[in-house]
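Database features (Swiss-Prot):
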- Arg18, Trp19, His33, Asp69, Asp77, Leu78, Pro79, Thr80, Asp137: substrate binding site (BINDING)
- Arg18: site 'Appears to be important in orienting the phosphate for catalysis' (SITE)
- 30-142: domain 'HD' (DOMAIN)
- His33, His68, Asp69, Asp137: divalent metal cation binding site (BINDING)
Amino acid sequence: MSQSHFFAHLSRLKLINRWPLMRNVRTENVSEHSLQVAMVAHALAAIKNRKFGGQVNAERIALLAMYHDASEVLTGDLPTPVKYFNSQIAQEYKAIEKIAQQKLVDMVPDELRDIFEPLIDEHHYSEEEQSIVKQADALCAYLKCLEELSAGNNEFLLAKGRLEKTLASRRSAEMDYFMQVFVPSFQLSLDEISQDSPL
């Protein structure tokens, strides 16, 4: 039985910091971001199914979101303004991501590859699955901006405005629900979110 470096690589996602060009009150790494995106994507899928007649697999969407940035362990986290500076750079970066995704898939033992390839290679995502993961990814970036701004870090003011436009372009009923029910709490202190539920 040959060894695989797959999970050793994924473990290093925690070493890759997001928002590398910006001053952060609290640094966020790709590993913790991926977990939050997985939780939010699962919630969006569950809301879609329960409230708006959707029929998506919420558990699969959570897994897709968990692995959505896995290729960054090989490429690093390129800052968004650089990644989307123009269409040519965006297209080339997509090609690099695809190569990195395939390299990760190739690390998985043959007998497990059919399980992990559909999670890592985004070409296996349906349009609806991809849409929900992208919504969750943008929402989590927006939540990071709210947290930084609440801590007095105005460095994230323009990013918040840019993400509001992104969220508007990806708007859905389930996102509106999430924004109304869950997002306001992210601007409150621990005391404020704890006062209704004493231990």
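Placement of Cβ uses the backbone N, Cα and C atoms for every residue, glycine included.
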Averaging the per-residue pLDDT over the domain 'HD' (30-142), what integer do you get? 93
Under 8 Å between C-beta atoms and at least six apart in sequence, can you list the same-chain neighbours of Arg18 (substrate binding site), or say none if there are none? Glu28, Asn29, Val30, His33, Asp77, Lys144
From the DSSP assignment alone, can you count helix, strand and coil residues within the domain 'HD' (30-142)? 91 helix, 0 strand, 22 coil
Enumerate the residues of the same chain, His33, His68, Asp69, Asp137 excluded, that satisfy the criterion Cβ within 8 A of the mean position of the Cβ atoms of the recorded divalent metal cation site; list them in sequence order. Val30, Ser34, Val37, Ala65, Val133, Cys140
Here the 10 Å Cβ neighbour count for Asp77 (substrate binding site) comes out at 18
Additional residues around substrate, ordered along the sequence, whose Cβ is within 8 Å of the centroid of Arg18, Trp19, His33, Asp69, Asp77, Leu78, Pro79, Thr80, Asp137: Val30, Glu72, Ala141
Set of same-chain residues at least 6 away whose C-beta sits under 8 angstroms from Asp137 (substrate binding site): Val37, Ala65, His68
Across the record's substrate-binding residues Arg18, Trp19, His33, Asp69, Asp77, Leu78, Pro79, Thr80, Asp137, the largest CA-CA distance in angstrom? 15
Roughly how many Å lie between the Cα atoms of Asp69 (divalent metal cation binding site) and Pro79 (substrate binding site), rounded to a whole value? 13
Long-range Cβ list for Pro79 (substrate binding site), cut-off under 8 Å, min separation 6+ in sequence, same chain only, gives Trp19, Pro20, Leu21
